[in-house]
Ligand SMILES: Nc1ncnc2c1ncn2[C@@H]1O[C@H](COP(=O)(O)OP(=O)(O)OP(=O)(O)O)[C@@H](O)[C@H]1O
Ligand SMILES: [Mg+2]
């Protein structure tokens, strides 16, 4: 049974004097207990908005969230009250953000920022909480944790800060961890270490994880299941194996081609998809990716394509593999 | 931390020295020279010459300055021309009243300003927000003596809820210990005297608080709005912390940084506000005293007042720097 079942999640930003923006447009996916899934897509495709909606952390005004996100066959995260959500956040569902420096409070010692979660959800205070915090920092690979607890964020390196944030996130052994581009702000070498750490932690604790990234390379070694998003919709969803073996949607193809390869000749340009997410078609008129698509047909702009195919599904009328 | 404070204290020395030079030059360059300040404008040339000689005004400037500085360091500010008594004593007698008044004003301004500013930010674009922004704009724009008279006319004269003038009702025969009337009343357990002194503080305190209150509301509002959008507040929310925790530890603590600086500046500025407020409410303090001194051209008293304002500014700034570094660890390292 699924730990989290997201059904038709839609987030529309709008205001009195702004046009509505459908940042997330009918996204459905499920996360099983202990499973790692990826949400992949370019900047602006609605990854962060999806995760914030699930956490109940979207701004209180100026947006409308519809759909369902059933957690553990019980609460609907999208419609439950803030009190229940507050009790769940940090305990059942935790989140890690992109920029570790700005995500830490600059004027509060690391130790306090760790122990406050322990106090809130596990009722730990004083020496017990301090000991546990020390163990947590140790667990995420921060050397000399006792000293680090007293330090402030600006005294830590970028990688250490992200480790500290991970320590806070796993402090209560949540059942679901949402990681929103946790390595984007870090050096390449550190990125690999952080991904390795996350993989290890969720494996040890049996935590399910939603890994959000724009880099298919990141999900390649990590995720059991991958959802590719474009302009707020899932355009392809498949197991890792199936997706990498038979990428079907032209957009997924483009993303795969843009992964930097170790064996590529220096100076070789990566193979980015031409155009940007800005050149999109509203989904109601046809496939949003059509203006950038190399396989575009006339039928692509005759209405929104449906999600088709069995377990490995895609939203395309002229997918790869269709003509071979 | 100790080293930080010591360093800051040492940095005060050049500031104060510079100030003493300015004061000295000011006195020296008064129309007619210091002797006019002492003798008045209609003194005879003979008495002028005599006093110039006795005060050593014909010595080189640097020697005169040295003498002036020595006197200052001894706390000797000269004699009041009007009352023929040492300026320092006169100020010391009136200082407690002003301190009580400014402390009251700051308690009102901070105690109301921060919560109001926070609420205005949290309930952005609601009636509460508009009201507090509008009211604080009005408060900053209203001249303080006008506001003082208005408050006095309404609450003291018309409604009669508060006394119209002074620090203590004349019918109360209170024992004086420190000169701080509220404190005296508490120490001697003469509760009616303490209460009466507080009662006298309300309207002048409110008047004096108006400008700092308005500025603190606006600063807090702007600062909280900015902090609410910070990533670390979202992290705190993601941890499921209670609203109270988030407010205190994550929002206010960071939002207070710019507010603390402003509070420091405002506290220094309160003494000038006290001149008007004390005059409107016939409240015995150094502000009222300074106002009289200006009327009477009592230069030694004016000089004393300037000196006090400067020293208060410098000290308050020191306190601001220290509290700033207590809140923000990044300052300490630098
Ligand atoms: N508060 C908001 N008000 C209006 N529009 C918003 C708001 N937040 C996000 N959006 C819009 O929603 C869309 C999706 O944004 P989102 O942050 O989810 O992108 P993302 O996939 O996380 O991109 P990135 O890789 O840059 O983090 C964007 O077009 C963005 O402009
Ligand atoms: Mg994002």
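The backbone N, Cα and C atoms fix where each Cβ goes, glycine too.
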Range among B:255-276, B:277-298 that TrEMBL annotates as transmembrane segment:
B:255-276
Quickly jot the same-chain residues contacting the transmembrane segment (B:305-327) by Cβ under 8 Å, restricted to those at least six beyond its ends, or write none.
1, 4-5, 8-9, 12, 15-16, 19, 23, 26, 72, 77, 91, 253, 256-257, 260-261, 263-264, 267-268, 271-272, 286, 289-290, 293
Sequence-remote partners of the transmembrane segment (B:133-155) [C-beta within less than 8 Å, at least six residues beyond its ends]:
120, 161-162, 164, 203-204, 206-208, 210-211, 213-215, 217-218, 221, 273, 276-277, 279-281
Tertiary contacts of the transmembrane segment (B:255-276) (same chain, 6+ residues out, Cβ under 8 Å):
98, 101-102, 105-106, 109-110, 114, 117-118, 144-145, 148, 208, 211-212, 215-216, 219-220, 223-224, 226-227, 285-288, 290-291, 308-309, 312-313, 316-317, 319-320, 323-324, 327-328
Who are the long-range neighbours of the transmembrane segment (B:9-27) in its own chain, taking Cβ under 8 Å and residues 6 or more past its ends?
34, 37, 64-65, 68-69, 72, 299, 303, 306-307, 310-311, 314, 318
